[in-house]
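Trainee: Sequence annotations record features per position, and here Swiss-Prot assigns domain 'IF rod' to 109-417. Look at Swiss-Prot and you will find T17, T77 tagged as phosphothreonine, backed by similarity to another entry. Annotation source Swiss-Prot lists ADP-ribosylarginine at R58. The region 'Head' annotation in Swiss-Prot covers 2-109. Feature annotation from Swiss-Prot assigns region 'Coil 1A' to 110-142. Positions annotated as region 'Linker 1' by Swiss-Prot: 143-152. If you look up Swiss-Prot, you'll see 153-253 marked as region 'Coil 1B'. Under the heading region 'Linker 12', Swiss-Prot lists 254-269. Taken from Swiss-Prot, the feature region 'Interaction with NEB' applies to 269-416. For 270-288, the entry in Swiss-Prot reads region 'Coil 2A'. According to Swiss-Prot, the region 'Linker 2' annotation covers 289-296. Annotated region 'Coil 2B' per Swiss-Prot: 297-413, in sequence order. Per Swiss-Prot, the feature region 'Tail' maps to 414-471. According to Swiss-Prot, the feature region 'Interaction with CRYAB' maps to 439-454, an assignment based on similarity to another entry. What Swiss-Prot records for D355 is site 'Stutter'.
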Amino acid sequence: MSQAYSSSQRVSSYRRTFGGAPSFPLGSPLSSPVFPRAGFGTKGSSSSVTSRVYQVSRTSGGAGGLGPLRASRLGATRVPSSSYGAGELLDFSLADAVNQEFLTTRTNEKVELQELNDRFANYIEKVRFLEQQNAALAAEVNRLKGREPTRVAEIYEEELRELRRQVEVLTNQRARVDVERDNLLDDLQRLKAKLQEEIQLKEEAENNLAAFRADVDAATLARIDLERRIESLNEEIAFLKKVHEEEIRELQAQLQEQQVQVEMDMSKPDLTAALRDIRAQYETIAAKNISEAEEWYKSKVSDLTQAANKNNDALRQAKQEMMEYRHQIQSYTCEIDALKGTNDSLMRQMRELEDRFASEASGYQDNIARLEEEIRHLKDEMARHLREYQDLLNVKMALDVEIATYRKLLEGEESRINLPIQTFSALNFRETSPEQRGSEVHTKKTVMIKTIETRDGEVVSEATQQQHEVL
């Protein structure tokens, strides 16, 4: 609006000064005034007005098909003046003011075009950079989509197979250790049962030994009693012998007295035979009693001796059995201690294996969780790259639209600058023809819009759309 207003002011000033309207095409923006030829004074003298005309040329550049605009200053041209009618005077001060205003406007437009040119070049460089980054991201997305998941899946499956194999090996080892432990527990139970049996046998042997000791004590007491009885019998035998001898002496004395009386009394009957018979009977009875007593004593002594020998043999056998039982108990105790040590070592090894198995299992679970986390991270990163790719596509589309808008603005600015210069074609000014400008400006551009919809890192749908633009 400000440019249009300043342009209308310049036209009004020109009309006030030169009394005529410049020849502009209908609808073209006012860029530079055209000074008609005019005559000065009545003398028909001619003068010239210096006019600076700018030509805008375009060189084809970069990716968008447009290059930076360049304003080149034409050399100063002397415009011959034609003689005005009589009485017409040219106000040079007003023309200089208008010319100065025109130069100021053209300078501002040149600066503005230079800024637009720089901005346009920056946008083109940014578009190139974004296209390169877009291509790199697309290649990375394709690489991640085509290779990494497969490789990660292969590595994941391989590690899972290895972990399963190790778990099976550890399970087999644990089962084998459990079987060995059960066997050792069975052996231990059997040895404990055998130990209990041996302890019972030991108790029975001790009980038998105690009974044998009681029998030995009873036999000893019986032997002592028999010895005392033998002594008493010996004393009784000695006493009976003495009594018998006394009786014999008394009988002999009586016999002698009787013999004396018989000799003295021949008429008395003979008693010697009767005494002799009685003596013989007593001697027979005494010898029989002595022999019976000796036989009974000998039989009792032999019985007691045999019983003592039997008891001694039983005691010795009991002692031997007790010694053997003690040795067996000691050997069983040593064997039990060794088995206890073996059992403790096996239990310790089993606990170590269980701890190692638990630690390895936790490590494998951590590895599985880490691999799953890496897979989720890769999926999230892939989704992020896809979103960035979609955002870059959107930014690229927006930049394409903005570039097209700037291109149209620049084309309008070129047409606004170039159209006033076309009015000076009679003066043989060098300018670019509209056909060349059209051939330089109008280029065809194809924009491919690829829409990728993702959900949880997975590609759900893809859509491709092509737009053809004529620039």
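Cβ coordinates come from backbone N, Cα and C, glycine included.
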Trainee: State the non-local partners of the region 'Linker 2' (289-296) in its own chain: residues 6+ outside its ends, Cβ under 8 Å from one of its Cβ atoms.
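Mentor: Residues 233, 237, 240.
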Trainee: Around the Cβ of D355 (site 'Stutter'), how many other Cβ atoms lie within 10 Å? Please give the count over every shown protein chain.
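Mentor: So the Cβ neighbour count for D355 (site 'Stutter') comes to 10.
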Trainee: Across the region 'Interaction with CRYAB' (439-454), what does the mean pLDDT come to, as a whole number?
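Mentor: Taking every residue of the region 'Interaction with CRYAB' (439-454) together, the mean pLDDT is 59.
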Trainee: Would you mind splitting the region 'Coil 2B' (297-413) into helix, strand and coil residue counts from DSSP?
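Mentor: Counting residues by DSSP class gives 117 helix, 0 strand, 0 coil.
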Trainee: Reported in the order helix, strand, coil, what are the DSSP residue counts of the region 'Coil 1B' (153-253)?
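Mentor: Tallying H, G and I as helix, E and B as strand, the rest coil: 101 helix, 0 strand, 0 coil.
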